[in-house]
Ligand code: DX5
Ligand code: ZN
């Protein structure tokens, strides 16, 4: 079944654990953690201490999206903070092969993503080296943006590529997804749906339940 990875970027940071407590008693298995450095993207979110503090209080799989230059410098910090999967940007890594290897050696799953303007032919050679491919359906940097419709074709492309080549790679989609448009993202072949502003800032438990209702319907 499809899984939800709600992005804590849209949480109320003055009450972060309070928001996370509202996700309990749902089907949720993971949370999406957006780390931004103000250089790779024009926004700064939060760092290792925040991740490590919530790690102590939440059993979820920590799905982390690093929007930072040269993430290879910080792999040990992510691991120590309690990250389970580290997704890096193609454009941010001088040596992507080394970065992928280092993430695996640190004992984390590795994800790869790319900005909307990046040619997907540059990405496919890495598909057999990673655990997850993330299609960005907005320009990385901010929550609450509008879903880019042309990402649907990219999702279909990667779904087809993964299945055709029998790869053990999860397909995640991130940006502008709501209960009202998640349908087409699932139909295009996504395995993991990231949603920030449509979960946090609303009735959190109710929104998560709504997503899982849709996922269940779709898997019938
Ligand atoms: C954007 C982040 C997303 C963002 C999603 O740079 O990677 O994870 O928080 O937020 P929404 O669902 O509001 O587009
Ligand atoms: Zn993200």
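First residue shown is number 1, and so on along the chain.
Every residue, even glycine, has its Cβ placed from backbone N, Cα and C.
According to TrEMBL, the feature active site, proton acceptor maps to 34. Among the features that TrEMBL reports, active site, proton donor is placed at 174. Under the heading substrate binding site, TrEMBL lists 7, 65, 141, 142, 143, 144, 174, 175, 176, 196, 197. The annotation divalent metal cation binding site is assigned in TrEMBL to 32, 34, 65, 174.
Recorded features from TrEMBL, shown on the structure.
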residue	record	Cβ contacts under 8 Å, 6 or more apart
7	substrate binding site	31, 32, 33, 34, 65, 143, 174, 194, 195, 196, 199, 200
141	substrate binding site	36, 41, 42, 43, 67
176	substrate binding site	137, 138, 145, 146, 147, 148
197	substrate binding site	10, 143, 144
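Other residues of the chain with a Cβ within 8 Å of the Cβ centroid of 32, 34, 65, 174, the divalent metal cation site, are 5, 7, 9, 33, 63, 64, 87, 134, 194, 196. A Cβ within 8 Å of the Cβ centre of 7, 65, 141, 142, 143, 144, 174, 175, 176, 196, 197, the residues given for substrate, is found for these other residues of the same chain: 9, 10, 34, 138, 145, 194.
Checking the recorded positions 34, 141, 174, 176 for a CB within less than 6 Å of any atom of ligand 2 leaves 34, 174, listed in sequence order. For residue 65 (divalent metal cation binding site), the number of other Cβ atoms no farther than 10 Å from its own Cβ, over all displayed protein chains, is 27. According to DSSP, residue 197 (substrate binding site) sits in a coil region rather than a helix or strand.
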